[in-house]
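K.L.:
One structure, as structure tokens, below. Some questions next.
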Amino acid sequence: MPPVVVLIGPPGAGKSTVGRALASRLAVSFEDTDDVIEQRAGKRIAEIFLTDGEAAFRQLEKAVVADRLAAHTGVLALGGGAILDDDTRALLADHTVIYLEVEFSEAVRRVGLNRDRPLLLGNPRAQLRALMDARRPLYEQTATHTVGTTGRTPDEVADEIAALITVREENR
């Protein structure tokens, strides 16, 4: 049985926080593929980027996402860049995928720009803006639903997603 729902979105969208709240509401488990990657690699994502490079990280991410899409039955949050891979996007076509959309200023506030985020090195504000702009079309193309998170609590967002899932299941 596949995940109940898959959450995608940029850093700061609330994938992990909303995912935990949603899993609690649905009485299912929650997994974040970034956590699974770190467990399997035995090191933090930032360290993987520094020691092995982004290409090696993306290969590991692709394998973990494919595995968890096949095996996890709860709420699954993907890392922000997972949708960059064509094969991953193809796998997601068979799932309920929620794009957690967030305004840039809110993402900056949530991420903090001083955190352990390897793709935001250098000028973090400019890097985050470029990353969000480049990935937005892929998030929109991949998602079955888009839910805004700006100015909302994780509980409000989780409630909206739970309602969407219920309606979707009733219409199947």
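Placed from the backbone N, Cα and C atoms, the Cβ positions cover glycine too.
Reproduced below are the annotations present in Swiss-Prot:
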| type | residues | note |
| --- | --- | --- |
| BINDING | Gly12, Ala13, Gly14, Lys15, Ser16, Thr17, Arg117, Arg152 | ATP binding site |
| BINDING | Ser16 | Mg(2+) binding site |
| BINDING | Asp34, Arg58, Gly80, Arg135 | substrate binding site |
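Structural setting of the listed features?
P.N.:
Long-range Cβ neighbours of Gly14 (ATP binding site) (same chain, at least 6 residues apart, Cβ-Cβ under 8 Å): Leu100, Val102, Arg110, Thr149, Pro154, Val157.
In three-state terms derived from DSSP, Ser16 (ATP binding site) belongs to a helical segment. All chains included, 16 other C-beta atoms sit within 10 angstroms of the C-beta of Ser16 (ATP binding site).
In the three-state DSSP scheme, Arg58 (substrate binding site) is classed as helix. Within 10 Å of the C-beta of Arg58 (substrate binding site) there are 16 other C-beta atoms, taking all protein chains into account.
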K.L.:
Let me make sure I understand the span of the substrate site: among Asp34, Arg58, Gly80, Arg135, what is the greatest distance between any two Cα atoms, in Å?
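P.N.:
So the binding residues stretch over 18 Å, Cα to Cα.
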K.L.:
Fill in the CA-CA distance, Arg152 (ATP binding site) to Asp34 (substrate binding site), as an integer in Å.
P.N.:
24
K.L.:
Tell me which residues of the chain lie with their Cβ under 8 angstroms from that of Thr17 (ATP binding site), as long as they are six or more apart in sequence?
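P.N.:
Once residues fewer than 6 apart are set aside, Thr17 (ATP binding site) is near Pro154.
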K.L.:
Using a 10 Å radius around each Cβ and all protein chains in view, which of these binding-site residues has the most neighbours: Lys15, Arg135, Arg152?
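P.N.:
Answer by Cβ density within 10 Å: Lys15.
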K.L.:
Taking the Cβ of Ala13 (ATP binding site) as the centre, count every other Cβ atom within 10 Å, in any protein chain shown.
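P.N.:
The answer is 28.
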K.L.:
Could you check what DSSP calls Arg135 (substrate binding site) once collapsed to helix, strand or coil?
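P.N.:
Once the DSSP labels are grouped into three classes, Arg135 (substrate binding site) ends up as helix.
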